[in-house]
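**Q** Have a look at this one.
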Amino acid sequence: MARLAAFDMDGTLLMPDHHLGEKTLSTLARLRERDITLTFATGRHALEMQHILGALSLDAYLITGNGTRVHSLEGELLHRDDLPADVAELVLYQQWDTRASMHIFNDDGWFTGKENPALLQAFVYSGFRYQIIDVKKMPLGSVTKICFCGDHDDLTRLQIQLYEALGERAHLCFSATDCLEVLPVGCNKGAALTVLTQHLGLSLRDCMAFGDAMNDREMLGSVGSGFIMGNAMPQLRAELPHLPVIGHCRNQAVSHYLTHWLDYPHLPYSPE
């Protein structure tokens, strides 16, 4: 029996309308009744996730910013990882050949240089939103991550530019087909979950995890039981071909799987 369950949010626990379904909420409550520790492992900001947990009265650990922050049930900061100031400066000040929008994160929030209302659709559940700033005036010493949002082919070309400029000084990953992230070296959900399990006196073998994108790769590959969403990025399925694939987030597939796991643990599972 797993002792900790870690969940990605977008494309995994959240439905396509960016809400948590009632079946999902009910299943999370059942896990807590079984004394299974809940952990939300997401690229979203800690401020947003703390608001969501408060609104739902959920007790859960938080891995946010794709591993840049880990918080306890009480909101205590257990782990932090920031981009080196020189890396943040290069990414912010360089003229990149891209049409993608740039987004900067630190403990105070989400910042960008121009309005992009379409992006806010993903935050209707929480009301979290960006702040408009002069990117060149952004404090460089506290940047957790930098994201580029746009067309996937354009971002793939940008990834090459970033790698040529940064080399091994940053970790680049796609958190979605339309979002490329620049993170501190060694920073990912799997590394953050390792920190959390050590804090809790658990091993990664005691954990199950669910995800759909390349920013979930290390987490899914390191736990005792990793599960890939049916709507996952093809690259993730190719990287972890040995992991089982469950259903689509629109059908609350995580809840579907966990209900079976709780009720019929000795029977084989089918996502149908």
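Glycine residues also receive a Cβ, built from the backbone N, Cα and C atoms like all the rest.
A quick note: this is a predicted structure, and the numbers were derived from the prediction, not measured.
Summarising the annotation, Swiss-Prot assigns active site, nucleophile to D8 and lists sequence analysis as the type of evidence. Positions annotated as Mg(2+) binding site by Swiss-Prot, on the basis of sequence analysis: D8, D10, D212.
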**Q** Whose Cβ lies within 8 Å of the mean position of the Cβ atoms of D8, D10, D212, the Mg(2+) site, other than those residues?
**A** M9, G11, T12, L13, L14, T42, A176, G211, A213, D216, M229, C249
**Q** Please identify, from the recorded positions D8, D10, D212, the residue with the sparsest Cβ neighbourhood, meaning fewest other Cβ atoms within 10 angstroms.
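**A** Result for the recorded positions D8, D10, D212: minimum number of other Cβ atoms within 10 Å at D10.
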**Q** Measuring Cα to Cα, how far is D212 (Mg(2+) binding site) from D8 (active site, nucleophile) in Å?
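**A** With distance taken Cα to Cα, D8 (active site, nucleophile) is 8 Å from D212 (Mg(2+) binding site).
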**Q** In which DSSP state, out of helix, strand and coil, do we find D10 (Mg(2+) binding site)?
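**A** For D10 (Mg(2+) binding site) - judged by DSSP and reduced to three states - the answer is helix.
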